[in-house]
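Database features (TrEMBL):
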- B:12-36: transmembrane segment (TRANSMEM)
- B:76-99: transmembrane segment (TRANSMEM)
- B:76-279: domain 'ABC transmembrane type-1' (DOMAIN)
- B:111-131: transmembrane segment (TRANSMEM)
- B:143-163: transmembrane segment (TRANSMEM)
- B:184-207: transmembrane segment (TRANSMEM)
- B:260-279: transmembrane segment (TRANSMEM)
Amino acid sequence: MFQQRTGLVKSLLRQWQLQSMVIPGIIWMFIFCYIPMLWLIIGFMDYSIAKPMLQSPFVGLKHFEEFIGDDRFWRSIRNTLGMSAIKLVFGFPIPIFFALLLNEIRSIRFKRTVQTISYLPHFIAWTIFGGIMLNWLGEGGVMNQLMMGLGIQEREILYNSDPKYFWWITYFSDVLKETGWSAIIYIAAIAGIDPALYEAAELDGANRWQRMWHITVQSIRPTIAILFILAVAGMLGSNFEQIFMLKNNMNMRMAESLDLYIYNMGLVSGRHSFSTAVLFARSIVALGLLFLANYMSKKLTGDSIF
Amino acid sequence: MELRGRMRRIGVFEVCNTLVMLAVCFLTLYPIWFVFINSLNAPEKAILGTVNWFPEAFSWASYSVVFNDKGLMNGFYVTTMRTLIGTTAHVLFTAIVAYGMSKTNLIGRKVYMKIALITMLFSGGLIPTFILMTKLGLYDNFLVFIIPAMYTFFNMVIFMSFFRTIPDSLEESAKVDGASDYGVLFRIVMPNSMAVIATISLFSAVYHWNDYYQGVIYIYSQENLPLQTMLYKIIAENSMSFMQQQAMAQFGARLPGNSIKFASMMVATLPILLVYPFIQRYLVKGVMIGAIKG
């Protein structure tokens, strides 16, 4: 830069107030973000929390080899991908449908009311919402009453004790809780569409469905693309607060996602180095997924995040 | 005229669509209604199972158990303190950092932004963070709710871009009058940013109120447990014993767990439900700011 070294010190001193605002933030980031990043290194060690870090022996890829040979690890990968795939395929379009249908409501007051009500569950804690689900899915619960009333099943089913229902329980409870909230972004994107487009289409004789498809959906395509990228990139993640609430010893076989596996191994069994190795591998793959999804979206739709 | 004609026509689609929307409203509100009516169901009826529409016999008994339960009330207190202190700390700290970052003449700004941006892409994750908290003495410490939640990159960027929209002339005139940077921030910039402060405070407050996970991981002793973590234990792990004892001491008979469970769920949700109609506008605004930046 054009400034001399002493000049730099002088200007730094002149703006010490601004610097004193930012530097605590940088220090916070170093402590709470960068130190944990550095500590990912214990994935390559036999770390014990009671000793200083550098006294722990390096063991190379031992933990990596161990989890790759662990069936429970692969089971957790299967569960994570399974739940994410169900949410992606059957869940991702639902807020879009909801936004499209809500957009067709003509009474502005009714539309507002429905929208406001629809995102209320997003602000209810998972403890509460999960508690309701557990009650509904249990013995004599709403779910059993409904299914038996409709004649779909003859006897009571303990839905949450049978692993085979677990993925669908996470899917349905997620849809019930988050649809309205996820739709906000689409509703806003739809609100930004130029009304002249609809008028022109109507003059050209386009019917409701044609207008919906050719104008509304096409206009919000970039929004859909970005959210889809984020959803694909997040496939290795799971809604921990949800799963942690709904899991139990009986459904663990299908409920243990990768996050829960890391939690169980690291904090319940106390194998810090082992689960850090899993964390490390997961971050690498997640980053790769983000770039891949971004690339795919750029190729297919021309819209991307970076 | 053409448009008017279209507005008046009500077809099959309109009817079906309205029904779908009503169904959405029902599905959204019913879970909360369900908790509400079951919390009011009299204990001797609640023992027979849950009700679907209305309480079989109306009673406040479960609420009086909840409000007399020292453990739950302490959880309520921890959660309230956590929400008040945590939200204030988050907004102040993040806003101050953001104000510094919003100044283009800040020396080292590019480096600072890079440092901040990297935290978005990589993170240490659960175990290294857990070890860090232990080493910092934050394990089983109330401050574990406050300090690690003081800052997020996302909210910093929202504050930063909002501060940029405040006209420089306002700040300049204060500077001419001899105000320091802190003076400008607290007397000029913050009062002109109430909308964004409200939005971020609300998100932060809802997070602090609803979070149970931090309590599960970092809190060991009963006196530091937030309400939501206690609820987690009551609902998911079925540790009802201490409440049952409380109820026995009070009523001399066993109260069924369910209605107490529902009453405590209601107590934990009520603050959110009560403020929701007034704050929902700000919450939506917050998502929109976030969406434009993100």
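Placement of Cβ uses the backbone N, Cα and C atoms for every residue, glycine included.
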Taking pairs 6 or more apart in sequence, does the count of Cβ pairs under 8 Å between the transmembrane segment (B:184-207) and the transmembrane segment (B:111-131) hit 3 or more? no
What parts of the chain pack near the transmembrane segment (B:111-131), using Cβ distances under 8 Å and only residues at least 6 beyond its ends? 101, 148, 153, 156, 217-218
Folded-back contacts onto the transmembrane segment (B:143-163), same chain, C-beta under 8 angstroms, at least six residues removed: 82, 85-86, 89-90, 93-95, 97-99, 101-102, 116-117, 119-120, 129, 133, 189, 193, 196, 199-200, 203-204, 207-208, 214, 218-219, 226, 286, 289-290, 293-294
